[in-house]
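So the structure is just underneath, and the comments pick up after that.
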Amino acid sequence: MKFTHNYHRHQVPEWTASYVPYAALSRQLKRIVCEAELMGREPVFDEVYASLAGSVESFDECCEGRYQYLCARRMEILKAYGYGEEEHGMLRIGNANCAELGNLLSAMVELRGDLDKLQWYYRVNAEAIELVYAKIERHCVPPMVETHQSRKSNWMDINAHWAARATRYEDIFNMLTVPIARTYADVKLHSGEGSPGLDCVGLGTELDDYRIFLVYFVREDNKSWELASMLEKMSMDDAIMGLHFRALIYDLALLAIVSGARDSVAFLLEKAFARYGAAVDHNVLNQIITVVGRRGMLNGQSSLELLTCSQCDDTEGKDGMGETLFLRAVERLGPDGEDVLLSMDIFVRRPLHYGAMYGLQTVCQRILSYFEDWEVLRLAGQILTLDSQGQTPLHYAVINGHAGVTRIFLDILNDVEDSEPHNKTAILNEVFSIAVKYQHDEIVYMLAKCRAVSHPCPHAETETALYIAAQSGRAEYVEALLNHNKHISLNLNTPEPVHGWTPLFVACVEGHHAVVRLLLRAGAKQDIRDQLGWTAKEHAALRGHLEIADMVDAGNTDDLDISDGPASVLPKTTPTEKAIFRKNRSYVIVNLGALQYGQRGEALELRDFSHSPPMPKSVYAPNGFLMEISIGDGRETNSHCVKLPLLRDMLNEPFVFPVVDPTEAVISFKLFRAGRRLVGSGAALLKSLNDGLGEGRESLVRTRTIAILEREKLGVMGTVTFTFVVAGPVDCAVPGALQSRDVGGGGVQLVGHRGLGQNTASRTYLQMGENTIESFLSAAKQGAAFVEIDVQLTRDLVPIIYHDFSLSESGTDIAIHDLSFDQFAYASKLQSTINQSICMPTKPRSRSLTRAHERELEGTRQRMMHTVDFISKGFKPNTRGDFIQDSFATLEELLVQLPQSISFNVEIKYPRLHEAAEAGVVPASIEINTFIDKILSRIFHPHHPQPNRSIILSSFTPEVCILLAIKQQVYPVMFITNAGKPPMTDKEMRAGSMKAAVRFAKRWNLAGIVFASELLVLCPRLVQYVKGRGLVCGSYGAQNNCPEYAKMQAAAGVDLIMTDRVGLISAALD
């Protein structure tokens, strides 16, 4: 998928509004380029630069604000736990118990999660900005380059600044976390023997005599009497009372809370505070809430190698220490209780924010009950109060998936009129979007029933709740809105502002079948057009969702302007300098990840491995990694770098490595972390990846996975998955340019499918054996401009004309490439009548079958009956008795015997993975370069030159098209694809849709694409989408045998129509 398509998936849901508006910037750029094209001048991008500069500035400000927030959080955590930092950032070592260290480590793990979230936010936005600048560069002519670089320089400075800052902050975080984690992992700490810990309460030098005893009594948690006695003794000392004795009591209470000392906390809050005049304030309440809320946060942090004991993992005790303690603390608030609960910390948060953040229902209920005398509007204001990060308690409850707290809040908010202040409608729509993106099901269903969620969004730059639900693909969410919210019909056809897409549009774009059905049932309009004139049906068809396209009715296609919609899309500008492939060099083409649907194939998959230093897990890993891919053969080494994880579609952006000797080539992957610090690597000899299949053979499975070993201990830290193909120099002389018939732009041309037509089970018309000389001659006589011939290779490397994967005539499912030519020829000979070709003159009755021949024919049928191909189709092409059978032919025979006035569409039938799977045979074949070279050597053979024959080279196999484009530029190459036609037996991603196929063809400079006709019949205007990209557009399939559909495609501008009924369609198109 393209970056645009996945942009919303990469976003941190609660920060969606602050992302760079990538889609809007791209649309603005396209508009400017289109207008310049129409006016015949170079585009001027001042408007885009201004918008982009504003976006960069806003993004920079957001990053700065969130970075400063993290710094403040870090300092507050250390301050709350009574610790300080040295200048170099290391914590001072003192003494602490395991509960205290565990709470501090939990706080640091939470902070690390927010740091990773910020880094991920930065990464996604930076990628969007880079892509917009790259799009501008593709349209820059030399005089504009200097101006462009000047405009871009500010962003480059910001990018460098943030990269350095992220590295520095991560180093600081490591220096803080590592000593805590190592101390917490010390067995002595949990055995009660004592262990180095961290300095805690800073009591001042005058109180040093009391420090050890006070801290000891508080942490021991069974020394309340001793603690009380010492405090009483200290209170008698006038000198000590002058040293902020109340602050001392306060600090001891905070220490008791973080140390998990229940009895000490109870004594200090309930007795000592009252006796010595200390007061419970919002900071104490917040400390209780956060300590309780963070419990369990270290679970699953296996990379930290943590230990636990009864003191730091006492679940029952913590429960008693937690919400109950908060309730007891609230009871001690006295007459100033409301003021305390409404007090804000430095992050503009109240206790209610923290209670919602950690999902503490009892805490939230108690706080709200404290204001039970308030009117509901004022109470709602507490739930919708924004903090310094623009989040309300409701936001935090939804973000963290706390359904119970969310329900408490909604029960109050539902009693408030939608027109009241506090931005209730906007906030409810915002948190609904957050809940959908996080897929918090229970919360989504609760919010879906809120009346405010069904209202049109108050901001023009937002999407409706129904749109967000449809985009997610969760039919349950859409159904919840449609069934439980009677006002949702107001948004059924409301478009979003950038593309003009309604919920039905986005469901079609994303391929969500169930959602489309629900929206259609609800009455969504199907004939709406977006801002570029496209229909939802066309969007679905373009992306390979043909079943959805068939469900949607776009109205009368005659009413659609053929020059609008798909035809109005501006062709993508490609670099003026095409890649030049030298004839005497080999090239290794590498894609990261798998290229087949259904294959597990993430480019990089990391396992739990021993970090050095130990690091907490993050949901945003492996962000921050850089991978260097290199290939060397001992003579030269070339490399490419890529940031991980991949955010944009690199399906048609493979890495191309020139090599001198592929047999010696080694592919290596090096994984770097921040600052290009090497953390792991892996390598493989390319040749070894195909070993074990025999000389000249290779696997049809091109995806490989190798282990990445960590640098320090050489353990397996993860795997890299990649797909590769080697393109060697062509093994024959390639002539210069030849005179060839134009395959596009001169009106529709007919292609005889396998000659006069593919053999079928139909008996409604006479059928000649497919892929035979007589069939090719007949197709040309009936009006075919080209004849399509299927070329395969036998085991002994003879190019033969045959379509099917296996030779069922042999009685087995043996693949063609596993047969010798003599075996292949013998199967043909068995069906010949007295060894005579059907094209030889005979007497009228000489073709009648004798009983001997009838027995032989029945024997042939009996042999084929148990083969996979025969069972699937119920017949076998070009068999005597079913069709007018003729001998099998070779490519050389066709080139020699057929006149050069007959043009060829040579389809190279390299075996495909799904064919081998269906036949149940080993997925291996002849090495692809050998396969192609042997076919090209016949076509270019000097003994039978083809100076006057027009030839198209084509294939369903992407690798074949790539190699044909590299090895020769004499004949045009066309990619054949079903483009999503169901059932999708071929799982190749590059053939999965028209959009993918077009991008593939453009990347490798192919002449055009031949699509399954169902796609073009469903949406004829898509023909101009293809042709607008400078590609020839052809079609194949059963619908091309119908004159009505053939005329429809011809009217739409199709260049090539491949048909089985050449005479019928030729007459219809005349």
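Residue positions begin at 1 at the first shown residue.
Backbone N, Cα and C define each Cβ position, glycine as well.
Whatever TrEMBL says is automated annotation, not expert-curated.
Owing to the predicted nature of the structure, the values given are computational and were not obtained by experimental measurement.
Now, the feature entries from TrEMBL:
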{"type": "DOMAIN", "residues": "1-150", "note": "domain 'SPX'"}
{"type": "REPEAT", "residues": "389-421", "note": "repeat 'ANK'"}
{"type": "REPEAT", "residues": "461-493", "note": "repeat 'ANK'"}
{"type": "REPEAT", "residues": "499-531", "note": "repeat 'ANK'"}
{"type": "DOMAIN", "residues": "748-1069", "note": "domain 'GP-PDE'"}
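For the repeat 'ANK' (461-493), the residues of the chain that approach it from at least six positions outside its boundaries are 8, 429, 432-433, 436-437, 439, 441, 444-445, 448-451, 453-455, 501-504, 506-507, 510, 512, 514-515, 518-519, 522-525, 528, judged by C-beta separation under 8 angstroms. Distant neighbours of the repeat 'ANK' (389-421): 13-14, 66, 69, 347, 350, 352-353, 355-361, 364-365, 368, 376-377, 379-383, 427-428, 430-431, 434-435, 438, 440, 442-443, 446-447, 450-452, 455; these residues of the same chain sit at least 6 beyond its ends, with a Cβ under 8 Å from one of its Cβ atoms.
Same-chain residues lying 6+ beyond the ends of the repeat 'ANK' (499-531) with a Cβ under 8 Å from its Cβ atoms: 5, 23, 27, 464, 466-467, 469-471, 473-475, 478-479, 482, 489, 491-493, 537, 539-540, 543-545, 547-549, 551-555, 565. In terms of DSSP helix, strand and coil, the domain 'SPX' (1-150) has 117 helix, 5 strand, 28 coil.
Summarising model confidence by region, the repeat 'ANK' (461-493) averages a pLDDT of 89.
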